[in-house]
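Let me begin by presenting the structure, written as C-alpha cells, before commenting on it.
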Amino acid sequence: MSCTRGWRLILLGLLCVGLLGTRGQDESRKVSVQYNPGSSDTSVNVVHVRAVGDGNTIHYVWSTLGTPTVLLIYTHSETSQLQVNWTKLLSPAPQGALRVEPEESVSYATALLFTRIFEYQDVNNTANFSGTDEKYFYPPYNLSEFLWENANATVNATSLSANLTGSNTTDPSGSFHNGSVSFRISAYNTSGRDSSPPRLRHTANCTKLEFLVSGVRPRGNNSRFALEMVTIEKEGRRKMKSVLSIDDEYTPTIFEMMQLVAVAPNSSHARGFLQWKSVAYGSPSGSRADLLPCQLYPLQPLNATFTATSIAHAYFGDDLADAYNLEAFNISFGIADGDFYDKHEFLSWSALIGYGDPPRDSFSILVICIMAVALGTPLLLLIIGTVLVTAVRHKVYPNYQPIN
C-alpha cells in the first residue's frame, strides 16, 4: 500500500510540473486566412490572418510589398476589420492605406521587417558572424528587391497557412537560378505543439513563421548566412531574454529558448513577442545530424538610418522613423567546425510571433514517465528495504526459548 501511494505521489507531482507550463494558455480563437482582401490584383501579396477571441481580435498582415513585413494589431473588439485602400497602397505615398476599424478598438500594434540576408565566407570555420572581417562578406541580399511569386495558390483555409516565396533576379552570380527564399506562415486556433522541427509549443495568440533558403547556390564553398530583421514599437523597446530548460527532447543538445519581448515602463496591457528555439536546420528532414545552432546579436537603434519602405508605412504613417522605436538585430546560423550551407543548399529557421505572454514549454508524457521511473525506482527500493528490515526485526521465531 505504501509503495503504491509513493508512486502515485511521484507521478502526480511530475504531471503537475509538466502541465504547469500550459496552464492559462489554452485560449481558443476563430481563425481565418485571406489573400489580398478587397482586391483581385495578384501583382502584390497581402495575407491577412484574423484571429477572433473572447472580446478581442488579433490581426496579422503579411506582405512582400517593399520589404517583407508582418504587422500585428491587437484590438479589444471581436468585430474589428482590416480596411485596405488599394489605390493608395500601390501609390508612391502609401501612408494611411491600411487601417483597422473601429480605430478606437486598437490597443496595440507592432511590426517585424525582414530586411537583408547576409552571406559570408567562414574561412576558419568558426561561425563567428560578428567577428568576421568585412572582406569576407559578399554583397547582402536586400529582400525589398526580390521578385515574389503570387501567394494566392498557397493560401490554405483549412491548415491556416500560406507561403511567400521570392528570388533575386538581378544577382549577377546567378545564385537564385534554381533557388528561392520563403516565409511559410502558419496560424493556430488553439494551443498545441507544431508537428515539424523544432516542434515549437504554440498558443492561439501567435503564428509561426518559417524562414527558408532552398536551392540557392552559395557564392563560396564555405558560406554561412545571417538574417537581419527590424522591430517597430510605439512605446518602449524590445528586450532580449534567454530561457533555459533541462529538456531537449525535441531539439537534442539545444536547451535555450530566445525571446524578444516588447517592454514599456508605463504600459498596463500585454504586448508583442518573438520567440524561437536557438536552432536551425541544414536539411529538409530536420534531422539531428543537420541541426544548426543559431546566434542572436544585440539590438541596434535604427531610427536615423531607416529608409526601407514596407506596409509598415501604410499603417503607421509618415512619422514612422520619428515617433516609433526602430531596432535592428541579426541572427546567424551555424556552429564552429560544422557543415557549411553547400552540403545540402538548405536552411530552415522557425519562430513564433504573437501577443501576450510567450508560450511556456512543458514536458511531454514520455519524459514525465521516464522521470517518474528514474526518481521513483530509488524511492521504491528504499521503501521495500525499510519494510523488509522492519519485518525481520519483528519476526517471532517459534523454536526460540528465552534464557531465564
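Glycine is treated like the rest: Cβ placed from N, Cα and C.
Feature list (source: Swiss-Prot):
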SIGNAL    1-24  signal peptide
TOPO_DOM  25-364  topological domain 'Lumenal'
CARBOHYD  N85  N-linked glycosylation site
CARBOHYD  N124  N-linked glycosylation site
CARBOHYD  N128  N-linked glycosylation site
CARBOHYD  N152  N-linked glycosylation site
CARBOHYD  N163  N-linked glycosylation site
CARBOHYD  N178  N-linked glycosylation site
CARBOHYD  N189  N-linked glycosylation site
CARBOHYD  N205  N-linked glycosylation site
CARBOHYD  N221  N-linked glycosylation site
CARBOHYD  N266  N-linked glycosylation site
CARBOHYD  N303  N-linked glycosylation site
CARBOHYD  N330  N-linked glycosylation site
TRANSMEM  365-385  transmembrane segment
TOPO_DOM  386-404  topological domain 'Cytoplasmic'
MOTIF     400-404  motif 'Lysosomal targeting motif'
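Where Swiss-Prot records a feature, it is marked here on the structure.
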{"residue": "N124", "record": "N-linked glycosylation site", "Cβ contacts under 8 Å, 6 or more apart": "none"}
{"residue": "N128", "record": "N-linked glycosylation site", "Cβ contacts under 8 Å, 6 or more apart": "D122, A336"}
{"residue": "N152", "record": "N-linked glycosylation site", "Cβ contacts under 8 Å, 6 or more apart": "Y35, N36, T42"}
{"residue": "N163", "record": "N-linked glycosylation site", "Cβ contacts under 8 Å, 6 or more apart": "A151, T154, S182, F183, R184, I185"}
{"residue": "N178", "record": "N-linked glycosylation site", "Cβ contacts under 8 Å, 6 or more apart": "G215, R217"}
{"residue": "N189", "record": "N-linked glycosylation site", "Cβ contacts under 8 Å, 6 or more apart": "S28, R29, K30, V31, A51, L160, A204"}
{"residue": "N221", "record": "N-linked glycosylation site", "Cβ contacts under 8 Å, 6 or more apart": "F340, D342"}
{"residue": "N303", "record": "N-linked glycosylation site", "Cβ contacts under 8 Å, 6 or more apart": "A321, D322, Y324, N325, L326"}
{"residue": "N330", "record": "N-linked glycosylation site", "Cβ contacts under 8 Å, 6 or more apart": "F118, F129, S130, A226, L227, E228, M229, L296, Y297"}
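Long-range neighbours of N85 (N-linked glycosylation site) (same chain, six or more residues apart, CB within less than 8 Å of its CB): G96, A97, L98. Counting every protein chain shown, the number of other Cβ atoms lying within 10 Å of the Cβ of N205 (N-linked glycosylation site) is 25. Under the three-state DSSP scheme, N221 (N-linked glycosylation site) falls in the coil class. The motif 'Lysosomal targeting motif' (400-404) scores a mean pLDDT of 56 in the predicted structure.
According to its DSSP assignment, N189 (N-linked glycosylation site) is coil.
Look at N303 (N-linked glycosylation site): DSSP puts it in a helix.
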